[in-house]
Amino acid sequence: MLERCPWKLISSPRNIPARSFLNSRGTYLVLRKSNILPLQHILRFSNFASKQCFPLRNGNNSASKALWNNKSKEKEPLNTSVKLASDVPDDKNVTGQMIVKDMLQYIWPKGKTNLKVRVVSALALLVAAKILNVQVPFYFKSIIDTMNTTLVQEVGALWSTVGAVVLGYGFARIFSTVFQELRNSVFAIVSQSAIRSVSSNVYQHLLNLDMNFHLSKQTGSITRAMDRGTKGISFILSSMVLHIIPITLEIAMVSGILTYKYGPSFSAIAATTVALYALFTVRTTSWRTVFRRQANAADSKASAAAIESLINYEAVKTFNNESYEMSRYEKHLSAYEKANVKVASSLAFLNSGQAIIFSTALTLMMYMGCRGIVTSNLTVGDLVMINQLVFQLSIPLNFLGSVYREMRQAFTDMEQLFSLKRINIQVKEAPDARDLVLKGGSIQFDNVHFSYNPNRPILNGCSFNIPAGAKVAFVGASGCGKSTILRLLFRFYDTDSGKILIDNQRLDQITLNSLRKAIGVVPQDTPLFNDTILYNIGYGNPKASNDEIVEAAKKAKIHDIIESFPEGYQTKVGERGLMISGGEKQRLAVSRLLLKNPEILFFDEATSALDTNTERALLRNINDLIKGSHKTSVFIAHRLRTIKDCDIIFVLEKGRVVEQGSHEQLMAKNSVYTSMWHSQESPFGESNKSGDA
């Protein structure tokens, strides 16, 4: 049995690009006022992760409001390939605040009590760990002062006093570490669940995006963006709960102790250190983000170039363009290298600046502590405690700097992933859409207008009727709209105007799942997965048994061919089916179609790439399957002799049906179809109207 994941359609809010940014003064407003208490510095700094990691849009901008309120409901026309790029939101328009807002729903998910309990438990454990952690300097002070003042006492009494303090110190250290590790373990499930949910949602959204998007984007860059984005999610989630909150709490507690125990001079140095450290980190990291974006862009281009050349390996070889492909790849790698050198150099500058700020503060505090001992205002234990508190402050500060830096990098990595989520799905189900009720499979196009490019209409008032159970064909010159009819019937695109009906039911009022389930297609170039023949045939019906798959292959007259392979149905077909012949690929497509068993069959130039003998054999096979099935079958063909026996032949010209009828009726008209027939029958493709039909 084959296993598949069910697909379902999801919707996404429209993303409206906007170019408006928060005033730079607002970015560091929290650090500008010198009289703000240290605790206010610390608590407000934690908001940088969500509000100031990226420039925000101006709240007065109408486009920005439309993005958040999703009030824009007007229907967009189908776009040109040039306009396609504008439909894909620029990743710079996705701000850190948007990403954090999206991520919060995964940290505190609705309807998942077990995950919420884990979040609360993790927060409780981190508070307990930090409370125990700040006890360590007190124990150090107590040990030093006790030993300094009780040396004249008996050794037993000294050990009794100091031993109790040492045990307390050990208890605080051990359980602080235990609580931290328990917190990490408890929160791991929340983090991994969020990564799975985000990745699944983005992938599902990509599957439901319009054909426009997939025709205009490089697969390599999309997969690379998803890979970087999921790694960024892991870091952001762990940072928000496991780093930002505990770091903020620890800085607040250490600053409060310094203020309470040693007065405003020590607290002023601590506050100034935190402020300067945060300001320097934010400014420098903002500057470094540009280099990270450049590295990501080069990385995506290199990945896309490599995947594209490997997919088209045969073309690379036949045109002897290995050196050209290598030069393309090397060009992107060179850009990636240069950007990463800038990232590394700017990181060295950031680390040096942070070390200078902290070391200066440590030196000042130690000087003040020594002076306090000389004046008998402080004890040696106080000096040790100050030293411990300052180093205790250094740990969260260093973490805060590195976490902020890594969060900015993670946000940059996640920009494109979340921009993919915000791409609008143009083809959507109506809120009151109903399942298609088939009554034979009649198809009607009523004055349909459609264009991929507004300057180049494809269908221009196209109208026709296909009776239920009929065998029909569409013919015409390349670009007249034959394959477009199939795409519109599948609702890969919506019409610009006009109606399409199946059994008198409008397509835009039918659920997409029931519509696409009712139609099967054998395309000109059959898309095959790099998997076994069994898997590829079974893709027509993921629930089919192996016996049903074999039966479909027998009906398509390919079972004996498959059995002749050394591995039979377990034979791998290779990338895009390149390891089997064209005729075998098309027979696999017919097998897949039979397994799906739809009511409407489409053959989109299914034999155009085959040799004459293979084409005739496959057509005989297809005709045998259609006879007696009472299914509506539609053929699109360039070779008119392959559709000569159709009940109705529609001749398309300039996006309209200009002639219709059987082969004999159309030949009797001696018009467009007749000219096409004689042109193909002539040895050199020249029209010969004097010949017999």
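Each residue, glycine too, has its Cβ placed from N, Cα and C.
Not measured: the values here are computed from a predicted model.
Relative to the membrane, Swiss-Prot puts Ile143 on the other side from Ser323. If you look at the transmembrane segment (164-187), the same-chain residues 6 or more away from its ends with a CB under 8 A from one of its CBs are 118-119, 121-122, 125-126, 128-130, 132-133, 135-136, 139-140, 142-143, 146, 238, 241-242. Residues 140-145, 148, 261-262, 265-266, 269 of the same chain sit 6 or more residues outside the topological domain 'Mitochondrial intermembrane' (368-382) yet have a Cβ under 8 Å from a Cβ within it. All chains included, 13 other C-beta atoms sit within 10 angstroms of the C-beta of Gly479 (ATP binding site). Annotated pair Gly481 (ATP binding site) and Arg288 (glutathione binding site), C-alpha to C-alpha distance, rounded: 50 Å.
The Cβ neighbour count for Arg288 (glutathione binding site), using a 10 Å radius over every protein chain in view, is 21. Here Arg288 (glutathione binding site) is compared against the binding-site residues Tyr452, Ala477, Gly479, Ser483, Arg487, and the shortest C-alpha distance is to Tyr452. Cβ neighbours within 10 Å of Gly481 (ATP binding site), excluding its own Cβ and spanning all shown chains: 24. If you draw a 10 Å sphere around the CB of Arg292 (glutathione binding site), it holds 22 other CB atoms from the protein chains shown. The binding-site residues shown are Tyr452, Ala477, Gly479, Ser483, Arg487; of these, the one with its CA atom nearest the CA of Val290 (glutathione binding site) is Tyr452.
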